[in-house]
Amino acid sequence: MHDRISSLGEKKLISRIISRARSVFGSSEVMGLGDDAALIDAGEEFLVLTSDLLLETRHFPDPERPRDMGWKTVTVNMSDLAAMGSRPEGFILSVALPDLELEFFDSLMDGVIEACCHYQAPLIGGDTNEADEIILSGTAIGRAEKDMVLMKSGARPGDLVAVTGPLGVGAAGTELILSGRDTGGFENAVERSLRPVARIEEGLILAESGLVSSATDITDGLVSELGELMDASGTGMRIYEDRLPLGREVPEIASILGRDPLELALYYGEDFELVFTAPPTGMEELSDMMELHVIGEVTVGGGIEMVDKDGVTYKLHVRGYEHLSPG
């Protein structure tokens, strides 16, 4: 019996691809491979490129809002640029579509163009094809100063760990929409789910400060992304439950849905915030420049630990949103 890709899951499959690429191409040709975006030497700067693929049936909790679908397609790509401290320069969109009504298609494209304008990244090309469902593939292009680019590697024991904003809001909004319940009173959570905003400005502040040792975005879940920083840096992580900035509506929505609010904040994903590390003195300087929430520290090793509200320490299993998984 032959193994299938579901036996690996998305992250191990990506590692398999990276390993095969590195066996052929030199390290100077595959800079950024395995990070949030690829880096191409462009003289005094890096050209930063990233690509994300979204499916109608998997990535959009309300496919009856085409403008929001277009917006989100751009934003998920821009979030990877933000994680690298890159300034957007352009966006390429490839689409595979069923025979949509033109009004629906125009609304979808209005969302794409609106987002491109928001991020100051003009739509510069793409491709079209046919499919049984809506498939949207975006490629974002940016630039970053060579000595300022943010990477997943570089965290050191003693560094502090911080996030740029509240956790669990997008997850709570997504689950509320999928439940079919009344979303009245939870407009912010719904907006965070359907029209997230990439933290481009925050990424630029972090990059230009020169104070950050590692960074990534947390669209696939906080614990999963902490695992990425940990593995890339060869360290461990310790976070504190009472320091996690849960969005104010997360506990109430979780109660309505019978969900654990901590689970939504730690594992679900859909939070378009950044998580980063910096030495204590650097983190203090950064706190004067932008909103941030210190949630823990980098440790010598031993995986990811959580200290709960009673002071009890336990290990967290590194998981989060992942495609190509069994079940």
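Glycine is no exception: its Cβ is also placed from the backbone N, Cα and C atoms.
Note that this is a predicted model, so its numbers are computed, not measured.
The Mg(2+) 3 binding site annotation in Swiss-Prot covers Asp36, Asp80, Asp217. In the three-state DSSP assignment, the secondary structure recorded for Asp80 (Mg(2+) 3 binding site) is helix.
The Mg(2+) 4 binding site annotation in Swiss-Prot covers Asp36, Thr50, Asp80 and is backed by sequence analysis. Asp36 (Mg(2+) 3 binding site) counts 26 other C-beta atoms within 10 Å of its own C-beta, drawing on all protein chains shown. DSSP classifies Asp36 (Mg(2+) 3 binding site) as coil under the three-state reduction.
In this structure, Asp127 (Mg(2+) 1 binding site) is part of a beta strand by DSSP. In sequence order, Ser94, Val95 make up the list of same-chain residues 6 or more apart from Asp127 (Mg(2+) 1 binding site) whose Cβ falls under 8 Å from its Cβ. According to Swiss-Prot, the Mg(2+) 1 binding site annotation covers Ser51, Asp52, Asp127, on the basis of sequence analysis.
Annotation source Swiss-Prot lists Mg(2+) 2 binding site at Asp52, Asp80, citing sequence analysis. The number of other Cβ atoms within 10 Å of the Cβ belonging to Asp80 (Mg(2+) 3 binding site), over all protein chains shown, comes to 25.
As annotated by Swiss-Prot, substrate binding site applies to His59, Glu270, Tyr321. Residue environment of Glu270 (substrate binding site) contains 23 other Cβ atoms, counted within 10 Å of its Cβ in all protein chains. Glu270 (substrate binding site) falls outside any helix or strand according to DSSP and counts as coil.
According to Swiss-Prot, the feature ATP binding site maps to Gly126, Asp127, Lys152, Thr219. A simple way to gauge crowding: the CB of Thr219 (ATP binding site) has 24 other CB atoms within 10 angstroms, across all the protein chains here. According to DSSP, Thr219 (ATP binding site) sits in a coil region rather than a helix or strand.
The Mg(2+) 5 binding site feature in Swiss-Prot is assigned to Asp220; the stated evidence is sequence analysis.
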Expressed in Å to no decimal places, the gap between the Cα atoms of Ser51 (Mg(2+) 1 binding site) and Asp80 (Mg(2+) 3 binding site) is 9
Within 10 Å of Thr50 (Mg(2+) 4 binding site) by C-alpha distance: pick out those among the binding-site residues Asp36, Asp80, Asp217, Thr219, and say none if nothing qualifies. Asp36, Asp80
Minimal Cβ count within 10 Å, across the binding-site residues His59, Lys152, points to His59
Counting only other Cβ atoms and using a 10 Å cut-off, which of the binding-site residues Thr50, Ser51 scores lowest? Ser51
Given the recorded Mg(2+) 1 site (Ser51, Asp52, Asp127), which additional residues of the same chain have their Cβ within 8 Å of the Cβ centre, ordered by sequence? Leu53, Asn77, Ile92, Leu93, Ser94, Ser137, Gly138, Thr139
Within 10 Å of Asp80 (Mg(2+) 3 binding site) by C-alpha distance: pick out those among the binding-site residues Asp52, His59, Gly126, Lys152, Asp220, and say none if nothing qualifies. Asp52
